[in-house]
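In TrEMBL this protein carries:
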type	residues	note
DOMAIN	31-252	domain 'RNase H type-2'
BINDING	37, 38, 135	divalent metal cation binding site
């Protein structure tokens, strides 16, 4: 992998918030095709990255010969070379990534009501797409109808394993995977830098692993890196069940001031049926979400 991937944070730069990276815009005449894919949906460590790659329809035959495929089937060296290939013909080829930080994933999924990973993924996709093939994990028919409703007049193909069926999606897969790997391999802990810029000692080493809960290296890192009072650094997705169980078992218990006040807790629980996502307090005070107006 090159010393610096253009879509990853710079050297010694912590990933503190989500961001978008765009390569140079192509100048060739359209219409264009565009593929979308992600890397890092399942891991407990690091960011989730959505990538897009696009080129003119007239360039499709040339794209077929460049070697793009599902990034999971390629070696790190080949993926790195293919990312360079994406920058080799700026008149015709272009790519972008949306990097969703683990902090954003955690805060979204732990808020009330939660913003689950599907919604966060849809938001990232919508941010990146124009004319698109989408590699989907869930209900492809529903998602295709949803995107077509947002972008009328654009033809969508939403299908499983699109990264192996369409080269333009394979290119997007490479952009996402190489970016995520670079973020994880060169991770700089935000907690390692004090407010005055001086380094802070005592933090665990960066996790050199896939970040998946089933990965033995990830499991060892999670076991050895837990701090009983403060838990984990922000590299970790705190909303993952794996992390919740480890914290319950190995971290100090916390007693909240409202613990035991069942009526108070119930007042802020989400309602059911027509009142879903609206608690009793909001109903009594006639507070309506802006999203419901």
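Placed from the backbone N, Cα and C atoms, the Cβ positions cover glycine too.
Automatic, uncurated: that is what TrEMBL annotation is.
Just so you know, the Cβ of residue 37 (divalent metal cation binding site) picks up 29 other Cβ atoms within 10 Å once every protein chain is counted.
Cβ neighbour count for residue 38 (divalent metal cation binding site): 24 (other Cβ atoms within 10 Å of its Cβ, all protein chains included).
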